[in-house]
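Listed in TrEMBL for this protein:
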- 152-186: repeat 'PPR' (REPEAT)
- 187-221: repeat 'PPR' (REPEAT)
- 222-256: repeat 'PPR' (REPEAT)
- 257-291: repeat 'PPR' (REPEAT)
- 292-326: repeat 'PPR' (REPEAT)
- 327-361: repeat 'PPR' (REPEAT)
- 362-396: repeat 'PPR' (REPEAT)
- 397-431: repeat 'PPR' (REPEAT)
- 467-501: repeat 'PPR' (REPEAT)
- 502-536: repeat 'PPR' (REPEAT)
- 537-571: repeat 'PPR' (REPEAT)
- 572-606: repeat 'PPR' (REPEAT)
- 620-735: domain 'SIS' (DOMAIN)
Amino acid sequence: MEDLLLRTRKEKPFLFRFGNDAVPGNLGGVVSNPGLLIKVLYSIRDSPKMALRLFRWVEVQKGFTHSEYLFCAALDILVGSGLMSSAYWMAERAVVLGYSGRVIDVLVGGSVECKNLVGILDLLMWVYSKKDDLRNCSVLFDKMVKNGLQPDVKNCNRILRMLRDRGLVDPVKQLYGDMVEVGVKPTIVTFNTMMDLFCKVGDVKQVLSLLSEMQKGGYNPNVVTYNVMINGLTQKGELSHARGLILDMLNRGLKVSALTYNPLVWGYCEKGMLVEALILGEEMERRGAYRTVSTYNMLMHGFCKQGKVKSARQFFSVMLKTNLMPDIISYNTLIYGHCQLGNINEALLLLSELRSRNLVPSVITCNTIMSGLCRQGKLEDAQQLKDEMCRCATAPDVVTFTILMHGYVHAGNLLLAEKLFEEMLEQGLEPDRFVYTARILGQLKLGDIVRALTLQEEMLAKVFPPDVVTYNIFVNGIAKLGNLVEACELLQKMILGGVMPDHITYTSIIHAHLELGNSKKAMELFSEMRRKGLLPTVVTYTAFIHALADEGRLEIAYIYFLEMLESGLLPNVITYNALIHGLCKWRRMDQAYKYFAMMEEKGVHANKYTYTILINTNAELGIPVTLEITSDLDDRQGPIYREDTAVFVSQSVFCQSGETADTLLALDYALEIGALCVGITNTVGSAIARNAHCGVHINVGCEIGVVSTKVRPYTSQIVVMAMMALAIGADTISNQARREAIVDGLIDLPNMC
């Protein structure tokens with residue numbers, strides 16, 4: 001038969017290259033008889049390429065059927081001849097056609113003689129691993145081990161990686177034990193893979209044990225080993241130990257990289273240790289481990305978590321200067337930071353910017369902005385964003401609907417919240433526990449505890465046992481209804497049910513007690529919270545500051561404010577407003593302005609409520625303000641006195657709008673009276689700027705249109721005049737005590753003679 005094939009091949013050189021070649025009459029039996037084909041293949045095993053061409057040609061002929069024995073023969077020939085690429089194709093073909101299991105059984109069971117048994121089995125295991133087929137890999141490994149066959153260590157490492165990626169600790173230990181038992185010698189890749197898994201699950205003791213075993217086996221830790229251990233220790237929170245490993249690497253002459261440092265940067269940022277993270281970043285540069293986009297993303301996230309978005313933006317700029325292209329995570333991080341501070345317009349600008357860089361917003365991008373919009377009550381804008389997601393490639397997910405539902409629930413529009421729930425079901429999205437907690441929250445806002453409990457039962461039916469979030473919703477809702485006894489009972493029920501209350505649970509009950517004026521009980525709960533290792537948040541401290549300052553217990557409110565700062569928590573605008581409101585209420589205006597100035601210094605922008613508190617207080621204190629039309633003032637010689645402050649306004653850069661003849665006459669009149677004349681101008685050399693005693697240059701720039709002529713200067717003028725009014729108010733209040741002391745002294749003066 002071999003001579004026949006060679007002769008036929010010589011007569012027809014291109015035979016067997018194409019599937020539609022006619023079957024030579026003398027070879028017809030090969031197609032219809034698999035046993036004969038196997039004999040033919042073995043007869044030409046010294047010409048493996050011809051055997052492969054024959055197999056491929058026969059495979060597509062009419063009437064041909066595959067068999068596990070045929071695959072065994074073909075694989076034996078190809079593996080034995082070292083044609084591993086062709087052998088891999090053959091093994092993959094057996095897997096795709098469903099013959100691989102039978103091939104393994106035939107080979108392991110000894111049904112056929114095969115010189116390359118282990119090689120074929122290893123090849124099949126490699127194919128399985130390439131397809132991430134852990135089940136078949138494990139089955140084949142077990143069959144080899146039970147039959148005393150030694151798998152290739154590379155395949156063992158591949159199985160270990162699959163187990164590691166799935167977080168399967170016990171199977172990894174079992175596999176490693178079996179490897180050692182059958183004599184498979186582990187490599188450094190084996191140890192690194194297992195150490196990576198144990199680091200991820202926080203089993204540092206096991207990691208150190210493997211390190212010792214590895215070194216006893218003659219393997220020195222390499223860069224990957226150290227990177228794995230540094231990552232694991234960082235995840236465990238052992239930053240000092242991880243930092244020490246970097247020094248050990250350097251002492252051993254190993255090259256550090258961003259992969260070495262990034263886990264530590266992340267660890268410091270997660271703990272809020274931003275100074276240490278920055279120092280580490282500088283060390284990276286000195287060691288030649290240049291920062292990557294991921295490094296900057298971690299730093300930005302750390303700063304954004306602390307509300308330091310300006311600093312985070314600086315890292316963004318540094319990325320661009322060093323020719324690193326920000327990715328979607330970079331933008332998502334900054335968007336998150338701005339949304340946390342309520343700067344939704346900045347977040348929307350970043351959304352436009354990332355699109356201009358040909359980045360596609362992810363569902364996280366949209367959900368973050370949507371959350372920011374909902375917190376500001378801009379539900380229509382949030383709904384439009386969701387509709388835009390539906391039109392684009394970014395499909396809304398369960399989180400999208402949950403955010404919107406929460407927004408509508410907080411706004412009291414439960415009808416739309418339920419409508420969104422129905423829409424979510426129509427889109428085939430399965431509601432999770434967060435969706436149900438949003439609906440429960442809505443019912444509690446209505447005061448319908450029975451309906452809320454019914455929804456909780458529905459959650460349980462869907463195998464969503466109540467977690468700390470669900471309990472917090474109930475505790476907060478019931479506490480707001482004034483049922484503090486029931487809220488405290490629920491707190492005990494949580495603990496008995498194995499659900500540990502968190503800072504939100506305690507803060508909800510504390511806030512309710514403070515609202516009812518029961519600050520003593522609130523303080524007891526605050527102490528209990530800290531005894532249990534729960535750290536108060538900005539919200540917890542703000543609740544105390546608001547209640548105590550409102551009651552006039554300002555000294556105690558200061559203590560909580562200072563304690564908050566010492567613990568590393570940054571007060572937000574609500575915290576400052578709570579303190580300023582209390583100070584204004586009890587007429588401590590000098591201190592109110594002190595904290596107002598502190599806000600700006602700390603980068604916390606005052607909002608409309610801040611200004612409303614201060615302006616309303618000044619109005620209550622009776623600071624006199626009059627508005628005069630200059631032409632009328634000149635005609636009737638209006639009431640301006642020497643003690644007054646007269647403010648004159650000029651808007652435009654070019655035409656100096658507002659500096660009309662009657663305005664300048666009014667200025668001359670005020671100067672003659674002796675009043676303090678202040679100019680608010682947009683042009684340094686204008687007549688008002690030259691003639692007034694002092695002034696403020698608003699610097700809004702040139703006119704670019706009629707609308708901008710009016711709006712831009714007007715806004716700046718309002719801001720300046722508001723600040724002046726606040727300053728005058730502060731001065732008036734701060735001098736009041738001094739005035740009263742002088743009057744008292746004058747009254748006592750006759751008695752002193």
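The backbone N, Cα and C atoms fix where each Cβ goes, and this holds for glycine too.
For the repeat 'PPR' (537-571), same-chain residues at least 6 beyond its ends with a Cβ under 8 Å from one of its own Cβ atoms are 272, 306-307, 503, 506-507, 510-511, 514-515, 517, 519, 522, 526, 529, 578-579, 581-583, 585-586, 588, 602, 604. On the 0 to 100 pLDDT scale, the repeat 'PPR' (152-186) averages 92 in the predicted structure. Secondary structure counts, DSSP: the repeat 'PPR' (257-291) has 26 helix, 0 strand, 9 coil. Mapped onto DSSP helix, strand and coil, the repeat 'PPR' (502-536) counts 26 helix, 0 strand, 9 coil. Shown for the repeat 'PPR' (572-606): DSSP residue counts in helix, strand and coil, namely 26 helix, 0 strand, 9 coil.
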